[in-house]
């Protein structure tokens, strides 16, 4: 059994925030694999289903991001899921929009949701780091992650969430590298078509050959000479 945690903040005011891409990914998974309905438990929302032949519990903590570890720890302990079998889906500033990285363990990288989980369960869980890009200035980070995705972001957001769901059985089976590679392949922009070389132009027809008049004068003079020869013969 796996515990798959999507991180975000509860409530409609935060629903489309960049910080809530983990919630969005969990929602797509639950719909794609026809999980049971969301229900309130473990200070969060929980849904159950099967992915790749494995029982999966999806969890969206409702504690607000900074206290996510309370909900994750409560679920993991009640369900007796070891930390090794927890997968956390979260937003990642240091990964480009539309890209992702997968890793096990490591630091929280300034992410308060991960810090909270670390404080309750340690760091040895898997993280799917869903790229949202960086605003370029640390002072802008808080406003950036709590701002809604733009309409234009749907061009990469929808494909990457679909690709994560489509490829999730590979992650369930433990093939983290294969999962990341496959998602990258599914979300890669199409290669531009190479322009075909222009067809070689057919050679221009040779100019018509015009016979030059006999040497020694004009055409009229040539005719006059010929007539003179005829008269002499007579």
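Each residue, glycine too, has its Cβ placed from N, Cα and C.
Annotated tRNA binding in Swiss-Prot involves 14, 64, 66 plus, out of the candidates 112, 124, the residue 112.
Nearest Cα neighbour of residue 66 (tRNA binding site) among the listed recorded positions (9, 19, 91): 9.
Mapped onto three states, the DSSP output places residue 91 (site 'Stabilizes the basic form of H active site to accept a proton') in strand. Checked against residue 64 (tRNA binding site), the recorded positions 9, 19, 91 differ in C-alpha distance, with 9 being the nearest. Counting only same-chain residues six or more apart in sequence, the Cβ atoms lying under 8 angstroms from the Cβ of residue 14 (tRNA binding site) belong to 8, 20, 146.
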